[in-house]
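Remarks on the structure that follows.
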Amino acid sequence: QLWLTFAPVADKTAAYFHISLEAVNWLSIVYLLISIPFGLVATWVLDSVGLRCAVILSAWLNMAGSIIRMFSVLKFLSLGSHNYLYLFIGQCLCALAQPLIIFSPTKLAALWFPDHQRATANMIASMSNPLGILIANVLSPALVPEGKHIPLMLGVYAVPAVTACALATLGIHEKVPPTPPSASATNSTSQPFLTGLKMLLGNKSYIILAVCFGGGIGMFTCFSALLEQILCEKGYSNEFAGLNGALFTVCGLLGAFLLGIYVDRTRKFIESTKICFCLSALASIMFAVVSSPLH
């Protein structure tokens, strides 16, 4: 949810910090830029250091970033024109944390769940990210009816980051379960990091999937980060834009939940993927037509 803190209230954030909307957009875009190189590092950390260390490191980076963001609104620091710099640095630290936690569900499912439960376990864990987006779309407009409430919003968002850090640090004790849930979890066949990376880059099917899923994630990210600016330009309020973003996420969560159960039982991964991409393309075309200047 820290990723989209400012997107649902971009206009009020720009006015409060005396910056442009482009600068506000960079508070979200920086997550995508950092995730490209650091995504490889996060994969190495998960494979080499372990799930426990990856989750704890992510929690500490997220907490540090959320606290540094608050420096930008503390009047007694008198940061002046450096307010945005602290805000941006905080976002960068939170962005470093994101790949570690986003890439963890597949590792969690492989190590802690038997084969027939992995798709469902992966789906439930992966839903935490869109759930955070849902909360941001609803909570940010509710907390910031006016620009002067930006400090309150940053303080509220820091609370779950600090809580999650404490829970991860004190509550996670093992990187693998005492008893492996399946034979595949016991006898790992995964390749060394660099070897596996070379194999993937030479796999045509993987490249196709990466491009397709990358396009899907890009579309979702664009809608999530810019929906407020698209709708408010047409006269809609921040609350309405946030509600649309929340509805967008709720439908995705419901679809992911039902689809996870379905593919766990039927194993029809390819058919389900093709249908979902077709529906996404149709929805994007409809949105483009409805939001065009002619309408």
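Just so it is clear, glycine is given a Cβ too, placed from its N, Cα and C backbone atoms.
Quick look at what TrEMBL lists:
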- 26-46: transmembrane segment (TRANSMEM)
- 53-72: transmembrane segment (TRANSMEM)
- 84-103: transmembrane segment (TRANSMEM)
- 124-144: transmembrane segment (TRANSMEM)
- 150-172: transmembrane segment (TRANSMEM)
- 206-226: transmembrane segment (TRANSMEM)
- 246-263: transmembrane segment (TRANSMEM)
- 275-294: transmembrane segment (TRANSMEM)
In the same chain, who gets a Cβ under 8 Å from the transmembrane segment (206-226) while lying at least 6 residues past its ends?
4, 7, 25, 28-29, 32, 133, 137, 200, 245, 248-249, 252, 273, 277, 280, 284
Maximum Cβ pairs under 8 Å to the transmembrane segment (150-172) - stretch from the list 26-46, 53-72, 84-103, 124-144:
53-72
Please indicate, using numbers and ranges, the residues of the same chain that are 6 or more beyond the transmembrane segment (124-144) and have a C-beta under 8 Å from a C-beta there.
1-9, 12, 101-102, 104-105, 108-109, 150, 152-153, 156, 224, 237-239, 241-243, 245-246, 248-250, 252-253, 256-257, 260
Taking a Cβ cut-off under 8 Å, which residues six or more beyond the ends of the transmembrane segment (53-72) line up next to it in the same chain?
2, 5, 17, 42, 45-46, 79, 83-87, 89-98, 100-101, 103-104, 107, 151, 154-155, 157-158, 161-162, 164-165, 167-169, 172, 175
